[in-house]
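Taken from TrEMBL, the feature Fe cation binding site covers Asp75. Here TrEMBL flags Cys82, Cys85, Cys122, Cys125 as Zn(2+) binding site. Per TrEMBL, region 'Disordered' is recorded for 129-150.
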Amino acid sequence: MRLTSNQQAVLATLKEARGPLGAYALLDRLRSHGFSAPTQVYRALDRLQSCGLVHRLSTLNAYVCCACTATCRHDLRAFAICDECGSVSELADSDLSGCLDRWVKGNAFSLRGAAIELLGRCAGCGDSGSAANEGGKFRHSSRKENQDEH
């Protein structure tokens, strides 16, 4: 897959941020690369999403790089978002995928896509439920200071 220079710049900026960024935060960081309008960022993000390189987090209205490229089902994504520090961990779990696949088939539902966003506290913030991350299925990918306020 060949990416344009704008798409490459947006992807590199998301990787450098190592966390979720909104379109306007991306625009601010990319002005020195010649970006001047949000539409430039949104076009690049749309293409990067269609290529499976980034994901949109609806609850944060922000984007992150795909952390599970080898195991990611882009039609079914799950993320754990820490309320305290803003870290985002992408979940790649075949049990979850299987459960949803069985439900879809059993209910004759035509699934277009699914994004599950779990909200809570990560192990690093001292939540008593930190045992959920012990299996290593979460891949940490971000920090709150990268979020966009828009």
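Glycine residues also receive a Cβ, built from the backbone N, Cα and C atoms like all the rest.
Given the structure is predicted, the values throughout are model-derived calculations rather than measurements.
Of the recorded residues, Cys122 (Zn(2+) binding site) and Asp75 (Fe cation binding site) place their C-alpha atoms 25 Å from one another. Comparing Cys82 (Zn(2+) binding site) with the residue listed as 'Fe cation binding site', their Cα atoms are 23 Å apart once rounded. Cys85 (Zn(2+) binding site) and the residue listed as 'Fe cation binding site' have their C-alpha atoms 27 Å apart, to the nearest angstrom. Counting only the Cα atoms, the space from the residue listed as 'Fe cation binding site' to Cys125 (Zn(2+) binding site) is about 30 angstrom.
In the three-state DSSP reading, Cys82 (Zn(2+) binding site) counts as strand. Ranking the binding-site residues Cys82, Cys85, Cys125 by how many Cβ atoms sit within 10 Å of each one's Cβ puts Cys82 at the top.
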